[in-house]
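Here is what Swiss-Prot records for this protein:
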type	residues	note
REGION	1-229	region 'Pyrophosphorylase'
REGION	230-250	region 'Linker'
REGION	251-456	region 'N-acetyltransferase'
ACT_SITE	HIS363	active site, proton acceptor
BINDING	ALA380, ASN386, TYR387, SER405, ALA423, ARG440	acetyl-CoA binding site
Amino acid sequence: MSNRPMSVVILAAGKGTRMYSDLPKVLHLLAGKPMVQHVIDAARELNAQRVNLVYGHGGELLKTALDDRSLNWVLQAEQLGTGHAMQQAAPYFADDEDILMLYGDVPLITGETLRRLQAVKPDGGIGLLTVNLANPTGYGRIIRENGRVVGIIEQKDAAPEQLAIGEINTGILLAGGADLKRWLSKLTNNNAQGEYYITDIIALAHQEGRQIEAVHPVRTTETDGVNNRLQLATLERVYQAEQAEKLLLSGVMLQDPARFDLRGTLEHGRDVVIDTNVIIEGHVKLGNRVKIGSGCVIKNSVIADDCIISPYSVIEDAQLAPDCSVGPFARLRPGSELAEGAHVGNFVEMKKARLGKGSKAGHLSYLGDAEIGANVNIGAGTITCNYDGVNKSKTIIGDDVFVGSDTQLIAPVSVAAGVTIAAGTTIMRNVPAAGLVYNRKEQQLNASWQRPQKKK
């Protein structure tokens, strides 16, 4: 096992022609984040002292999307093979460190597998990640003599007997910095593709009498690459199945694991139940006995014990105290807070608003830039009119206020505790004390009026 410091090279220069996209291939999303970010995250599990990202097509898009100052950006102006890509990064290799080579379009690689690779790398030699495939077509074959790895032959350069070999090269390897620089300087492009293959360093190492040790990944799918959208969609389902399995084994009840997407991280308590077609994004924390209904989307939110989220609700950057209920068809936008026992019903939207303990907004309301006290009833059709075309203003509603249906509150405005607002009222000024507030005109009846008739 190598105990030397380590740096990483991630190859991410490919255009991804078969994606039929203007976006660089490695920026296409898997589980809500770019494929290459998954690889960076895995590399960082090994405490790499430097992560070199070799880029080419769409470099500015990459730099903008990743926005990571700790990355060392290495330009590969021409894509002349994996060996050529590593040659561009070689000036950054320290002689006394190990270099781990990864790929930006192999997103399921894990820190666990990479530590396994570290464990087998011999001093002065190469650690190589390989897998056995029933159908190895298209992959470089591992050449062994007396059981020891001596080389890799690419598909287009292989003889018929070599094509029958089932052990293939994943492209992921670990080698010493000084050795790797020396081997890279000896690469040629004398092959069917006219490219510089990184795989040729295996034969060079063997010629020097260096030991090459191969190891398999924890899961074969970790080394699957993405060249088209079908492969990306396939790996998405592989990833989601793995996440669902982990959650089920940790006590979360997923009603249908095949219809659940985790695009981030999920912390959870005991006896959490999640129905079908739920999407979790960013970092979400669910307390004990939380129930999430079908079709909900929850992002970067904390939902405390005993909350019930009914179907088709969308919750983003929100905080829910215990015993709250939301939905169905509710939307909690960033900055929404529900105190203990609060209820937000169907077709209610909140944004930068706090609903106090035991307060209820049952249906068909918009509550934006609002501070609402405890035990408040928000009637159907209530709107906090918070925007004048330029500025956002705040509405403050005290404890025990009853807001009748079809009420508009023109912010900035405050309503004192205990006020009752009659249905159909427009609140334009502060209400300073408890009582009934209303501003509608007397009801009129025109008995002679006749409804218009359609012409026949």
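From the backbone N, Cα and C atoms, a Cβ is placed for every residue, glycine too.
Since the structure is predicted, the reported quantities are computational estimates derived from the model, not experimental observations.
In this view, ALA380 (acetyl-CoA binding site) is surrounded by 19 other Cβ atoms within 10 Å of its Cβ, with every protein chain counted. Across the region 'Linker' (230-250), DSSP assigns 20 helix, 0 strand, 1 coil. The number of other Cβ atoms within 10 Å of the Cβ belonging to the residue listed as 'active site, proton acceptor', over all protein chains shown, comes to 18.
In this structure the alpha carbons, written CA, of TYR387 (acetyl-CoA binding site) and the residue listed as 'active site, proton acceptor' are 21 Å apart. Put simply, the residue listed as 'active site, proton acceptor' is 5 Å from ALA380 (acetyl-CoA binding site) when counted between their Cα atoms.
In this structure the residues listed as binding acetyl-CoA are ALA380, ASN386, TYR387, SER405, ALA423, ARG440; their two most distant Cα atoms lie 23 Å apart. Set side by side, the binding-site residues ASN386, SER405 differ in how many other CB atoms lie within 10 angstroms of their CB, and the most is found at ASN386. DSSP assigns SER405 (acetyl-CoA binding site) to coil, not to a helix or a strand. Across the structure, HIS363 (active site, proton acceptor) and ALA423 (acetyl-CoA binding site) place their CA atoms 14 angstrom apart. For ALA423 (acetyl-CoA binding site), the number of other Cβ atoms no farther than 10 Å from its own Cβ, over all displayed protein chains, is 15. Taken residue by residue with DSSP, ALA423 (acetyl-CoA binding site) is part of neither helix nor strand, so it is coil.
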